[in-house]
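Undergrad: If you scroll down you'll find the structure; I have some questions about it.
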Amino acid sequence: MDAIISDEIRTLRDEVRGFLDEHLRPVEPALRTAGPDERRKLVAELRELAAEHGLWGAARPVELGGRGLPWAGWAHVAEVEGSYLEGPAVLGSASLLDLTMLHRHAGPWLRERYLQPLLTGEITPCYGMTEPGVSGSDLLQMRTHARRQGDEWVINGRKWFCKVRGADFMTVFCRTGPAGASNRTAFSMILVPTDAPGFEIVRDLPLLGDTGGHAEIRLHDVRVPANHLLGPEGGGFGMAMERLSLGRLLRALTWVGQAQRAYDLMCARLRSRRTSTDLLGDKQLMQLHVFDSYTEIASARLMLHHAAALLDADDPQVATAVSAAKVVASRMFQHVTDRAIQVYGAEGLSDDTPLSGLFREARTTRIYDGPDEVHIQAVARRLLARPEPAPPRPRADRTVPAGPDTDRTAPSGPGTDRTGPEQSAPVS
Ligand SMILES: Cc1cc2nc3c(=O)[nH]c(=O)nc-3n(C[C@H](O)[C@H](O)[C@H](O)COP(=O)(O)OP(=O)(O)OC[C@H]3O[C@@H](n4cnc5c(N)ncnc54)[C@H](O)[C@@H]3O)c2cc1C
């Protein structure tokens with residue numbers, strides 16, 4: 001990939017890698033066992049250091065103090081930054097989605113109250129969309145609702161799996177439309193401070209045993225000023241789609257970085273661990289792990305970079321490309337971390353290496369930002385809805401001008417017919 005990266009991106013990527021290797025790697029074991037408060041303190045210290053190195057918030061647009069890179073350029077850095085679970089939080093990319101949404105949709109008051117401190121990392125956001133008792137894959141089923149009372153919104157409902165521990169505010173996806181309103185205009189986004197009266201954390205929700213800050217919350221008559229509405233009333237569904245599309249791409253890029261790290265650890269072990277006869281890496285079954293992991297990482301990476309380029313170009317195929325790449329990347333992440341653990345034996349399951357944490361993370365990726373099945377169906381439906389390619393011309397028509405050494409018919413082997421199945425490949 002280096003051959004196609006600009007000097008600017010390569011330099012930034014290498015600086016990010018150097019910073020994280022030097023400053024985040026030594027703290028990683030402590031972060032793995034820290035509770036949410038301690039984790040937040042450790043990340044805050046590293047964040048200040050990142051700012052001193054000029055690396056804080058590089059992913060942002062220029063008007064928000066960032067470098068204004070195209071997504072296809074940032075993709076190379078995102079992968080490296082994401083190779084550490086806390087990398088995006090340390091370098092300011094973890095809040096990129098909330099920053100982008102506020103930047104695009106917030107009025108003057110929300111900008112001052114939330115956007116400014118978010119830029120400096122003084123406050124932490126979280127997102128409240130999923131709810132207990134209904135399918136989180138289907139936004140239209142969400143039941144949390146807000147009604148307008150004078151100059152305030154009064155919000156009631158429940159949310160879960162939100163990363164609310166340590167967060168200062170939540171963007172709540174809620175129903176604001178009157179009964180009978182079209183589903184797509186019935187929802188809005190409202191910013192709610194997590195210390196507002198009536199905002200209650202019901203219980204923590206460890207994921208596969210990890211207490212990473214996810215929790216279930218209840219909103220009971222929570223009142224916020226009317227100017228806490230993000231974007232237009234009824235614009236929630238559209239903004240949720242916008243947020244998901246960018247979020248999927250950015251997060252999937254970090255999975256490539258994490259899978260690459262698992263792969264590097266696996267190869268290091270295969271090169272160094274001896275059996276009584278030879279190196280572990282000399283065994284053919286172990287070599288299959290290397291081949292499968294290498295090719296899966298490379299495929300996912302290319303699909304994601306392609307999707308990033310489509311996003312930059314505002315190409316209508318971007319949703320298909322992102323969904324397809326998301327599924328490929330999350331499956332790849334799970335397969336690669338699983339193989340790396342297998343190569344490490346019991347040690348891979350312990351917390352002595354980052355592999356157990358990476359595997360846990362990998363498993364979750366097949367559910368959040370849309371479960372595999374939902375993306376697979378969406379991609380397949382879009383592909384099948386495309387106009388049918390023109391049928392191949394009859395063989396007799398396929399003539400080429402006669403020349404001294406040419407046959408009168410064109411070659412008919414595979415790959416010569418451009419109306420063949422490759423035209424409907426998911427990344428096109
Ligand atoms: C690590 C992690 C972090 C998260 N962070 C947040 C957060 O910050 N904020 C937030 O609001 N939520 C968050 N979530 C929740 C996440 O958004 C939901 O889990 C996700 O949207 C899926 O919803 P669900 O869990 O209700 O599953 P469901 O929608 O109930 O789906 C369950 C299963 O049913 C199948 N299925 C569902 N729909 C279809 C379909 N249409 N076609 C075929 N099969 C289908 C799939 O196999 C799916 O896995 C997080 C989840 C995880 C795991």
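Cβ coordinates come from backbone N, Cα and C, glycine included.
Note that TrEMBL annotation is computational and uncurated.
Just so it is clear, the model here is predicted, and its values are computed rather than measured.
Got these off TrEMBL a minute ago, pasting:
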type   : residues : note
DOMAIN : 6-122    : domain 'Acyl-CoA dehydrogenase/oxidase N-terminal'
DOMAIN : 126-222  : domain 'Acyl-CoA oxidase/dehydrogenase middle'
DOMAIN : 234-384  : domain 'Acyl-CoA dehydrogenase/oxidase C-terminal'
REGION : 384-428  : region 'Disordered'
Undergrad: Please spell out the DSSP helix, strand and coil residue counts for the domain 'Acyl-CoA dehydrogenase/oxidase N-terminal' (6-122).
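TA: DSSP classes over the domain 'Acyl-CoA dehydrogenase/oxidase N-terminal' (6-122) add up to 86 helix, 0 strand, 31 coil.
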Undergrad: Residue counts in helix (H, G, I), strand (E, B) and coil for the domain 'Acyl-CoA oxidase/dehydrogenase middle' (126-222), per DSSP?
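TA: Its residues fall into 6 helix, 51 strand, 40 coil.
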Undergrad: What is the pLDDT of the domain 'Acyl-CoA oxidase/dehydrogenase middle' (126-222) when averaged and given as a whole number?
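TA: Averaged over the domain 'Acyl-CoA oxidase/dehydrogenase middle' (126-222), the predicted model reaches a pLDDT of 94.
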